[in-house]
């Protein structure tokens, strides 16, 4: 009888002690996780607290975190200031070659003495605008097709650098071709220059592939917490490159002409290619696929339809927190945010020539002013609203889209240059919607799907000129005689869905945060309840009265220290 009681007590004691050890282990794990979270938060705070750094620390921080930005600047600046020269080359060829107007008329149009030549100015602009329709299709359709394969290939092989360097090579080939068109000015019509301008960037991916590679690379080399800031830094470099290019465009064109502008562009493209090849270091991907030994293995792998299907599956793959819905809606945001920008680029210069009688220098001055205000707004949004105040990305997207909508009415109804300049102040926060969209997208998917998602966004962006370019050109051509600024108002109306989508994103983010908090509290509550029950069992299971030296007390002590070792508690043989 006594032996059975001893065995029963020993069994209960052993079970209770096991539960006690398990409870202690859980408690220690919770404390360890809490300490690691505190250290992580402290590290994030220290890494983000740039204002408390000294000048040398700030310089070191910038050097460590600036990677692709110089290459991007050397890509954007020549693209921008060569664009104005290219537009003027098309206008000159349309006037002197295609329409065969006299030198007197074309010189007057170039010098903006259009009082007696309004009909000729209208004919030249309509011819250039008509070419813009098929040129836009060339520049957009092919990159939209290629970028789907490029994104999947980039994810599989972990290669981001080719996605950034190859588009620069395409722009370099384009400016070389435009120099030939300038040399054979009267032999080659406007359409040849337009074809060369669009062909080489199209077959190499253009801006769409470039930005896909840049943002995928940024996501690869940064943490989730730093991603919004790093994307903001990239956007600031873009915002710096565009006004610099615009500021130089009119002055350089006046001083050194087509050859000078295209030569400087070619040189900067070479610098960008060299920097990207030698300075941008890609993180090595471990699980790379095996190379096919068949002939044309790279071509077979690159254009494999299976990878294209995988890219589309990313958008429609189910995930936590309405992932599929969010990705699809962000694709729609790309369309309504990027689309008006591409549409306005086609006709804004023509609009200012017609409405305010501006020349190249006047337009470049305004463009520089507009981009500087945009840079200030972007810096405020990224540096203060996002970085310091930790405002949600969706809220940043809302006020950015509202800034665009309000400014479109100012631009559209502007009858003087002063009012047109005020529109840039109203539009000061417009650039941050792009940052908000990219930041939200990068946090929705894992790293190995970033290239696919960015390629989807790039494809949507590449298709937008196909829709918005002809739409804006047709709207401008149809309303030029009674309301030439109607295309601005059209863009503002088409941006309204972005506000609604960003608003939905914000409410969903709040709901997701609440669900996560409830789950965490529930798990902690379960652990605390389990620990409490185990402690109660231990207290009630311990023997209340035992004599000194009794086998039960000795067994309990030994069991507590080493487990069941006392022979008195073993099974009878």
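Glycine is treated like the rest: Cβ placed from N, Cα and C.
Outside the transmembrane segment (165-186), and at least 6 residues removed from its termini, the chain residues within Cβ reach (under 8 Å) are 71, 75, 78-79, 82, 86, 89, 92-93, 96-97, 192-193, 196-197, 199-207, 209-210, 258-259, 262-263, 265-266, 269-270, 272-273, 276-277. Per TrEMBL, transmembrane segment is recorded for 165-186 (among others).
Within its own chain, the transmembrane segment (198-219) has Cβ neighbours under 8 Å at 67-68, 72, 75, 79, 135-136, 138-144, 146-147, 150-151, 154-155, 160-164, 166-171, 173-174, 177, 227, 230-231, 234, 280, 282, 438, 442, 447, 450-451, 454-455, 457-459, 461-462, counting only residues six or more beyond its boundaries. Positions annotated as transmembrane segment by TrEMBL: 198-219 (among others).
The transmembrane segment feature in TrEMBL is assigned to 231-252 (among others).
Annotation source TrEMBL lists transmembrane segment at 258-277 (among others).
Annotation source TrEMBL lists transmembrane segment at 327-343 (among others). With a cut-off of 8 Å between Cβ atoms, the residues of this chain six or more beyond the transmembrane segment (327-343) that come close are 136, 314-316, 397, 401, 404, 408, 433-434, 437, 440-441, 444-445, 453, 456-457, 460-461, 463-465, 467-469, 471-472, 487, 491-492, 494-498, 501-502, 504-505.
Taken from TrEMBL, the feature transmembrane segment applies to 363-389 (among others).
Annotation source TrEMBL lists transmembrane segment at 485-506 (among others). Listed by sequence, the residues of this chain that lie at least six past the ends of the transmembrane segment (485-506) yet keep a Cβ under 8 A from its Cβ atoms are 326, 329-330, 332-333, 336-337, 339-340, 343-344, 347, 351, 355, 392-395, 397-398, 401-402, 404-409, 411-414, 433, 436, 440, 471-472, 475-476, 479.
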How about long-range neighbours of the transmembrane segment (363-389): same chain, 6 or more residues beyond its ends, C-beta under 8 Å?
48, 84, 228-229, 232-233, 235-236, 239-240, 242-244, 246-251, 349, 352-353, 396, 400, 403, 417, 420-421, 424-425, 427-432, 435
